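Chemist: One structure is given below, represented as structure tokens, and several questions about it will come after.
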């Protein structure tokens, strides 16, 4: 029996929600946020959100004239344009309703793919915690465990907030190589049947809550930059605002810093770098770690300037106020002629990891229920597990006995805490 219009719409929306929910593991490990609609309309779909505050403390009985200020930093998050599947059907295309439903399922799979690609690319390009190995995974015994454990070690040592959980995503090739090391065995060392059947690696590997895989992870091509140094001594401060041309306060995005170099030839977005002698700090204890501080190139500005993340705030910068020093994340400022180390020296398909609130999916319902759109039929839906909102819309044309169908998702993927997003690159031998 043929389905009526209401049943077709219900089935279509259910198909979209179920399909996208089933194949978006990366997006489901991100934080979700629905911003207020009216304010987004007046701000070009950008909203400023606070990041975790850092507080300076001090000992003593008498703290007269020692009060510190409140410094709350912000990051800009935004939504892009809707992602759509827009197609036309004629009456004779609907004689077999299952063909229509298969098209809906196909659209949902493609839209889910696009979400996962955006998360994967954002993590690979913005991830600033960099774990490299000179060997490919699987070269030595237990090197897969060490590779993942190194990532967890730096997150733990940096004292990064991990209250929402942590996740690690291998690319398929490295997942296959790592599986033998990381799959849970019984007391006799036997690998369970499930590991062969569905590629399952146990949960809570090397401190990560979930270790998964994704075929969406991009290749980070090697950087061809060589012999680059810092040009001039440079230091950076965390600031909540700056004054515009009219003397009014405007927010500052503290994820980024513009660094002056001797040259930028061969550098590109996503390159991973470090500076000689610049070490990470534990965020709370402010102890200097053994690991070099690592950064991601966000943008090549011109022949001598690059924008990097995170902003390096130096503990030894005497010009910092107490509340600014609480945000210090490296031991020392950038010095003139300091060597810049390129970390991605070989092409490699990325592995990525993050604290689960480091990436944020921002989405809003599409307001298509206004009377201006009375000529079409729309059904709004949300996908809570993925944090997405969308519409299923149809419109018929009596002159051609055809109808248009549009499935749209409106969202943006944002790296709100790039300091808590990392990239694993094996095989990095120059």
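Keep in mind that glycine also has a Cβ here, set from the backbone N, Cα and C atoms.
From Swiss-Prot, for reference:
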REGION    2-56  region 'Binding to the capsid assembly scaffolding protein'
REGION    223-345  region 'I domain'
SITE      14  site 'Essential for binding to the capsid assembly scaffolding protein'
Chemist: Take the Cβ of residue 14 (site 'Essential for binding to the capsid assembly scaffolding protein') and count every other Cβ within 10 Å, whichever protein chain it belongs to.
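Modeler: Excluding its own Cβ, residue 14 (site 'Essential for binding to the capsid assembly scaffolding protein') sees 12 Cβ atoms within 10 Å.
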Chemist: If H, G and I count as helix, E and B as strand, and all else as coil, what does DSSP give for residue 14 (site 'Essential for binding to the capsid assembly scaffolding protein')?
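Modeler: In three-state terms, residue 14 (site 'Essential for binding to the capsid assembly scaffolding protein') counts as helix.
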Chemist: Per DSSP, what is the residue tally for the region 'Binding to the capsid assembly scaffolding protein' (2-56) in helix, strand and coil?
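Modeler: Across the region 'Binding to the capsid assembly scaffolding protein' (2-56), DSSP assigns the residues as follows: 26 helix, 8 strand, 21 coil.
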Chemist: Counting by DSSP, what is the helix, strand and coil composition of the region 'I domain' (223-345)?
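Modeler: Looking at the region 'I domain' (223-345) with DSSP, the answer is 4 helix, 50 strand, 69 coil.
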Chemist: I'm checking region-level scores; what's the whole-number mean pLDDT for the region 'Binding to the capsid assembly scaffolding protein' (2-56)?
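Modeler: Here the mean pLDDT over the region 'Binding to the capsid assembly scaffolding protein' (2-56) amounts to 87.
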